[in-house]
Structures are given as C-alpha cells and as structure tokens.
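Inspection log for the structure reproduced underneath, given as structure tokens.
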Amino acid sequence: MLTNPIFYLTNSNTSKASTHSNTNSKSLFNTKREDLQILYKLNQLLIEKSILHPYQRILIAVSGGQDSICLLNILNKLRSTWHWKLGIVHCDHKWYLDSALQAIHVSRLAANMQIDLYQALTTQSVNNEQLARNWRYELIRHVAICHNFSVIVTGHTASDRVETLIYNLIRGSGISGLQSISWKRKLNSMLTIRMRSVEEQIILYSKHVKCYQNRENLLEDKKNVDIYLIRPLLNVSRMELKHLVQNWKLSIWSDCSNQNISICRNRIRHQLLPYLRQYFHPKIDYVLNSCTEVMYTETLYLDSIARYVLSKALSFISMPLNDQTCVKLDFELLRAVPLAIQRRILKYFLDVITHTSVSFKHVEQVRIACLITTNSSNQFAKDSMNFTDQLLINRSIYLPGKKILQVINARFLIICNNIT
C-alpha cells in the first residue's frame, strides 16, 4: 500500500498552505488508483530529474486539447505541495472558426482555478506549421520574461516523442534530431513576432487575464534571462491521459486537424504506428520511447565533451578587414578526437555563428576543408607565406544565415556576411 507519495513537502510555517495540502491530499486519495499512479509517477520524475523546483513561477502552455488540459490539472493538484505560482498562456492561430470559443474555454478554466491567464491572437493567418510554432514559442517566451516566469511547460507526451522519432528518422535526421523532444531545453529567441498594437496582439477574455502594458514591453528582451522549456509528461502516454480525462471528467477541446491524414505526423499516428503494433510489436511505443531516452542521455554526454573540446580549441583574432571575424581553431586537437566528436564540435560551432541549425552537408564541408589534410597541404603549411598569399588559396563555404566561411590554409576561419 502506497503511503502519501505525492505530498512529500510540508510547510509548518503557514497554516493556510498546510490546510490546502491536506485538502488536496484527501481529494487525491478519493480518486481512482490509476489517477494516483500518474500523479505519483510525475511527482517522482520531478524529484529525480530535477526539471521543476519548489516555489517556481511556471507558465503552462494550454491549447485546450487533451494533453495540455491534463497537464494543467495535474500541476494544479501539485502546486500547493510544491508552492508553485502558475500561469496559463493560450495562443490563437485563427485556424478554425471556433478558435475564439476554444480561447474562452481556456479562460474559464483559468478563472475557476484562479490562475493568471495570458491570451494572444495572431494578427495574420499563418498556415505553415513551423512558422506558427515559431510565432507561438516566441510569444510565450516574451510573456514568460515580462511576467517573471522562469520556465514554460508543455503537454508533450511519450506518444509525441515516438511520433517525432519516426518523423525525424524518415527525414534523415541525426541522433540529435531523433531525440529532439527532450525533457528540458533552453528556449532561445526566434524573432518571429510581427509587432502590432496591443489591441491587435492581445485579446482579453476575463478579469484574470494580464497583457503587455505597451508595445515597448513586448519588444524588450531582458538581458541574461534564461527561459527553459520543460516537458514533464514524456513518460506518460496519450492513452493514459485519455483515461485521466474520463476519470476526472475533464472538459477538453478536440482538435479536428489531428484527424487530417494529409499531414505526415497524423499518418504516422493513425496509420503507421497501428500497423507496427499489429504486425511487428504490440508495445512498439514503449520500445521506441526507451530508445529515445537512451539517445537523449548519450547525446547530453557527447555534447558536453564536444563543447569542452571546442572551448579549448577555439580562439578569436580581431581583423580590420571589412569587419570580418577571424577564428583560429586548433585543428590538431580536433583531429585527435573521434569523428563523432569532430562533427558535434563543428555542428555546435556553425549553429552559433549562423544562428540556425546547419545541415550535415555543411558540417562535412567544413570538416573536410579543415581537418582532412594531404602531403601537399602539409608541406604548404610549412612554407613561409604572408597572409595576402594565403588569402589567394582560401576556400569559401556558403552557410545558412547569409554567412560565408573562408578556410585559410587549414589554419584560420574567416566569417563574413554574404551580401549577394
């Protein structure tokens, strides 16, 4: 018999918090065993992985669908124990005629739970999923910064993780791409918000809604503020959450686009995965999710090695030549590490200088130009040549982000803007 595993924190200084904890504890034990297991599993995971902490200000991204509504209710049940300050953010892409009703539904949930709500409406229709995702994350990030939330949580599940693994595998992603849905990652600015008036950008639905006071607040990006994206439900399946909705009688807003099989991810969900379960492995979801978790932990380890080696191999040399940046890399050190680490080092370096995610092709171009030498190039490196002569034999590599990387004598990298 489990003893109260959920409410492991106590607050003897505040009788009000203690009362809330006791009340919440009783309500939990009145729920069905399956519900308690999910709460217990999530609570233990938060402790083990240390992805959320007591007394944090947490901003929950809520669409109104099953996964985000379950996440909201779970965190709401745990908030008195962890002493969290919760906030809800909802973004309306105006993809459907009833999207305003969906936003109102979320606002009523926030009012009933007495949680601050931040709602945003796009000013232009964006039909591209990637652009819409970038707009959504950028806006949520600004809300978090302006209202002092340290983390953003989303309702991605183990099922989403498996579908993303298959999707990225089909697209030919590397190991990092295969485990792209991670427990925690830093949310960087994507600069995708088109600035409009506050009235156009934000729609208010209830007294619990807060919004930006002026345009400058939305434009302002506080320096040295790290916002992290947390996905606490990656070990909970979509089916488990479906049972939770039924047991708790939660009101959710179904997304009809999830049934559209013209979308690749939906074909994976509704056609490919059921086929794999029936004809290959009935627990294929669990197997693939376990593989993803193994890749995630191994990637963290390899990335830490790659960044350490890069910090030892990299130095900047200022150059007066057209405001270009000259970078000196210790190519001998890079050649001494395994190929997998070489590629990770160059991938991380190129991502930083281009402010985007470079492809395997670009990584290999730079690696071959910098690290693969011949006898003639070795002899050439020993020759005494001035810098002007070396510029004549440079190799230019065109990168994303309108950057050109010039490799000089396999010793220097010159980074400049592509003005064409």
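Cβ atoms here come from the backbone N, Cα and C positions, even for glycine.
The annotation ATP binding site is assigned in Swiss-Prot to SER63, GLY64, GLY65, GLN66, ASP67, SER68.
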Counting across all protein chains shown, how many other Cβ atoms sit within 10 Å of the Cβ of SER68 (ATP binding site)?
24
Residue among the binding-site residues GLY64, GLY65 whose Cβ has the most other Cβ atoms within 10 Å
GLY64
Would you mind pulling the DSSP three-state label for SER63 (ATP binding site)?
coil
SER63 (ATP binding site), number of other Cβ atoms within 10 Å:
21
CB-centroid shell, 8 A cutoff, ATP site SER63, GLY64, GLY65, GLN66, ASP67, SER68, site residues removed
VAL62, ILE69, CYS70, GLY155, ILE252, TRP253, ASP255
Students should find that the Cβ of ASP67 (ATP binding site) has, within 10 Å, a number of other Cβ atoms equal to 22
